Amino acid sequence: MAAAAAAGSSRRGPMDDDKLSFETSAGVEVVGSFDAMGIREDLLRGIYGYGFEKPSAIQQRAVVPIIAGRDVIAQAQSGTGKTSMVSLSVCQLVDTNIHEELKGG
């Protein structure tokens, strides 16, 4: 199995390391409040309405890059807000005007 994998990778040829580009978490901005994330007003009302007061550590680091269209890999322990981080980001990105346009309004 390992031989097949090695053989498969050799067919692609050597990778040109000069063309690879990686960005790390160095320089990730920590945004300490939901208000400072640039989230739509209707979403902010929902967030505060559900009792959220301050974003968790993972939310402080990942929501803004996701909204900005960056590829994000976020890792944290259970119960730290990863699911709500993704949900909030997706809700921010959804164009709610499309539905209105389809209805003709």
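Using the three backbone atoms N, Cα and C, a Cβ is placed for every residue, glycine included.
Values in this document were obtained by computation on a predicted structure and should not be read as measured data.
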Response to the item:
Of the ranges 1-20, 21-40, the one TrEMBL annotates as region 'Disordered' is 1-20
Practice prompt. Please list, for the motif 'Q motif' (32-60), how many residues fall into helix, strand and coil according to DSSP.
Written response: 16 helix, 0 strand, 13 coil
